[in-house]
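The region 'Pyrophosphorylase' feature in Swiss-Prot is assigned to 1-230. The UDP-N-acetyl-alpha-D-glucosamine binding site annotation in Swiss-Prot covers 9-12, 23, 73, 78-79, 140, 155, 170, 228, 333, 351, 366, 377. Annotation comment: Swiss-Prot describes 103, 228 as Mg(2+) binding site, evidence class sequence analysis. Per Swiss-Prot, the feature region 'Linker' maps to 231-251; the stated evidence is sequence analysis. The region 'N-acetyltransferase' annotation in Swiss-Prot covers 252-459. Annotation comment: Swiss-Prot describes 363 as active site, proton acceptor. Residues or ranges marked as acetyl-CoA binding site by Swiss-Prot: 386, 387, 423, 440.
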């Protein structure tokens, strides 16, 4: 197999997005558009990948890191001009170069591989990825000769009446013989309505020089969708969402209502897990097998063990063990590690806490900056008082501890193994192992007080 290279065009302004965020960084199913493209082309066995950047170059470089080399298009003078910016990296290379836009997040490695294979089998100098659509307005048209070979590509604004009637369109993805590509770029003129250097003109140049120009027509037009505004962004989101949901269902995940379930492109979900409506799974989340998630649950960048149930709750940047029960209406905040067989009940908030195996906080509690041992019971209304207005402090609760209802543990404080804290206590000092700590005012009953008070008011 000959050397393979790719150029991703990601320098456009994206003015139609009407956004401060650089266009190719707008997310589709939780991942920037250009990252989707890079992830797919990276499966093609490339020797070099060059991303052409312009506006927001630093942000794109930060997003992609060292998986790509970069070329700067300081002034946007057209797609041919953009590709030419990669000349310093690629111009002297022997092989085949794929050119693709960074705002086409739906393109798949399978389609690009088919394009490359067509290019090789045809012995072509250039091969165009095309599609057939009923309403081609706005797209460049594929003009073929009497033998069915690609003659040229005409941009919509430059097309005559006959050419506008053509329904085979240019998707903006190509592959070229690398040296032929860069030799032709210098011959491209900007004598057109837009005054730009169009990459499709390379097709006509190569054709006029007697080279073979081939085309591969994809049956999956949705893969070629270019995102130029928020409407197209929403269309891409829907298509990608459906693709991800279908993949998970084929792999053994039950999704009760796919139209109301959102799964990020990088999430991994085990078989026999059930996702209820309103479930949103974001980022690099990993969910085990036989889990039940939702309804109305958000999980972001977290790891969920097998046979865990999360109902109407939020989990962010945390790790949950096996057979954990969360919710309804619980909130597990970042940097929490929840053990196996744990119960986190309704209206419980846990933040930056290690919560041991088989421990329970079943209702109305806040556990923050804490280390909770195994087999601990935190009664309703248990609070770790971790913040003094300036600093956060840690609470340590040992194994087998029982915390009574409506208790405050004022950090820094330690409750040692096997200790009990009486309901209603405010603990400000360490509690020894197996001790009972009572820290509340003694109850005083005043006999006949109410009658005396009422009689006094009457008089």
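Every residue gets a Cβ built from N, Cα and C, even glycine.
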From binding-site residues 170, 333, 366, the one whose Cα lies nearest residue 423 (acetyl-CoA binding site): 366
Pairwise CA distance, residue 228 (Mg(2+) binding site) versus residue 23 (UDP-N-acetyl-alpha-D-glucosamine binding site), rounded so that it is a whole Å: 8
Largest CA-to-CA spread of acetyl-CoA binders 386, 387, 423, 440, angstrom: 22
Candidates 103, 363, 386, 387, 440, namely the recorded positions, that fall within 10 Å of residue 9 (UDP-N-acetyl-alpha-D-glucosamine binding site) by Cα distance: 103
Secondary structure content of the region 'Linker' (231-251), with strand meaning DSSP E or B: 20 helix, 0 strand, 1 coil
Neighbourhood of residue 440 (acetyl-CoA binding site), C-beta criterion under 8 angstroms, separation at least six: 422, 424, 425, 426
Distance check against residue 23 (UDP-N-acetyl-alpha-D-glucosamine binding site) for the recorded positions 103, 363, 386, 387, keeping those with Cα within 10 Å: 103
Distance [Cα-Cα, Å, rounded] between residue 170 (UDP-N-acetyl-alpha-D-glucosamine binding site) and residue 387 (acetyl-CoA binding site): 60
Spatial neighbours of residue 78 (UDP-N-acetyl-alpha-D-glucosamine binding site) that are distant in sequence (at least 6 apart) but have CB under 8 A: 190, 194, 196, 197, 198, 199
Those residues of the chain, 6+ apart, with a Cβ under 8 Å from that of residue 333 (UDP-N-acetyl-alpha-D-glucosamine binding site): 316, 317, 318, 349, 350, 351, 352, 368
Residue 363 (active site, proton acceptor) and residue 11 (UDP-N-acetyl-alpha-D-glucosamine binding site), Cα-Cα, nearest whole angstrom: 52
